[in-house]
Every structure is written in structure tokens, then in C-alpha cells.
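As given in Swiss-Prot:
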ACT_SITE  84  active site, proton acceptor
BINDING   84, 85, 89, 159, 160, 170, 189, 200, 201, 202, 203, 204, 205  NAD(+) binding site
């Protein structure tokens, strides 16, 4: 994400917060500018990515912009204004530095986000007082290996990695193995390997189960597999998953990590997925259980269909 710049007052602050916004949404910059202004008034410095420094400074007259540089590693928390995609982008910076993230949802579902735009006062107060807890979540590490055994690409996934066919005309022929033992050879459109955090994202749309984020597990979901056994598999977090694109008849595939980083994978190559040594750190400002978040985000009908039908009947007869 490049060099970070600090928004500071006349004296150097003793505390720092990183702020990341959706790259193109003006309302995200407005919300971030309001937050940064509040932080500056409390002698807390804020940092923004290079590509966001200029548009942010235009919304913050009277607050000088200067290089943060060596202070970036002192950041207490990353505050993200946007949807889950923006949070996944911010994770590329926060994960290797072990800095927790707080998401402010300006998108649609926003499962990774902790707050809404209307919660700004609560956000400011709790960041200032460090009144939050931190969850450590499983992250995946993936490596692409050539037939010769040479590693040629690696990345990480907070939500999921998806192996997908590159061309519509043919299915992928993939052998899936767990802990170096073959499990299933699928002719399919692709295969997902997901974290519990990602189980409410692509894997959910593909028919996978919802997993509570404090569960340590790996989830494998075949995509449109032409097979009698094409069920999602939940595995140990210590498992090793190998996906071998068969050299006979398959074409190249594309491996995506969180829909952001990609690599072309050729027939005869292997994708290996293991637990990443780093954990994603998510800051929580409220003790809201995941069950409540699930019901709220997906608008699950917990009142029951009969209650809704009876209410509709009363409205018609009144």
C-alpha cells in the first residue's frame, strides 16, 4: 500500500492510527476526514496510504500533512471506512504488522465491519480510550508449485482462495488431497478453500456451511462439480490441502486470493494450502455475539413465517 503519510498538528503526536478508505467513494473520504479531525483534536496522529493522501488533505484544511515514515510501525489500530473489500485491502498492510483492524461499514452486508457510519462518536471514544478487544482469526497461505518442484508463486487469503477455470468451454480436472492423501478427483468449474471468516462470503454462495469465526478450521467447497460426491469438507486448521490440476485434458486455471491477487495455474502444477503463520487481528468494540451479527446481516426471519403471515392478514382486514 506504499508509504504512509501522517496528518498531524504542530507537535508530533505520541499515538498513531492508520486510516484506509474506499478508493472511489466520496462518502468514505468524508467519514474518514471526520474521524481524522477528531483524532487530531485528541493529539492522536493518523496515517493514510499514498494514493489517498491528496484527496484526504483537501477535506482537512488546517491539518498539515507530512511523512509518517518511521512511525507507521507504531500504529495501534487500522480504521477502515468502506465495505468488506476495503477491509481485505487494508489486511494486506495490517496482517504482516499484526495491527488490529476496525471496520466501519459503508457497503452492503459488511460482515467484517464492526460499526456503521452513524457510530462515529462511539468509534472515536473507544479508539481514544483503547476500549476494544481483539479477535485473532485464521488466515490461509497458498503456494503454486511447478511440476519440477519449483515454487513460483505464493500469497495469503483472509476469506478464501478460489481455483477457477480460465475458459468456459472445458471443466477443470482437479485431484484434491488432504494431508497428502487423495480425497476426490473432481471435474468442476473450480474449488474454494475458505477460512471461517470467509464462510459467509463466496463459500456461502457456493453452498458451504456458515462457520463461527472463532472456530479454527478450513473449508473446501467444489464449484459445480460433475460428481456423486460434491459436498463441502470441513478440515482441521493444521491440515494441508493439495489441488493438482491434472495434465491430461485440463486447461489452465486462475487462482484468486480474496478476489484481489491472482495467478495463472497450468496443468500439471500443484496448489498447496496451509494455515498462515500470522493471524488476522479484528478489533471488537462491543460484545455482540456472532449469532446476532448473522441474523442482522442476513436479515434471518427469526420471528417465523406464521407470525409474519398473521401480521399481513391483520393489515389487510384493518
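Positions of Cβ are set from backbone N, Cα and C atoms, glycine also.
A map of Swiss-Prot features onto the structure.
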residue	record	Cβ within 10 Å
84	active site, proton acceptor	24
89	NAD(+) binding site	19
160	NAD(+) binding site	25
189	NAD(+) binding site	18
201	NAD(+) binding site	23
203	NAD(+) binding site	26
205	NAD(+) binding site	11
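The two recorded residues residue 84 (active site, proton acceptor) and residue 205 (NAD(+) binding site) have their Cα atoms spaced 16 Å from each other. In this entry, 84, 85, 89, 159, 160, 170, 189, 200, 201, 202, 203, 204, 205 make up the residues listed for NAD(+), with the farthest two CA atoms of the set 32 Å from each other. In three-state terms derived from DSSP, residue 160 (NAD(+) binding site) belongs to an extended strand segment.
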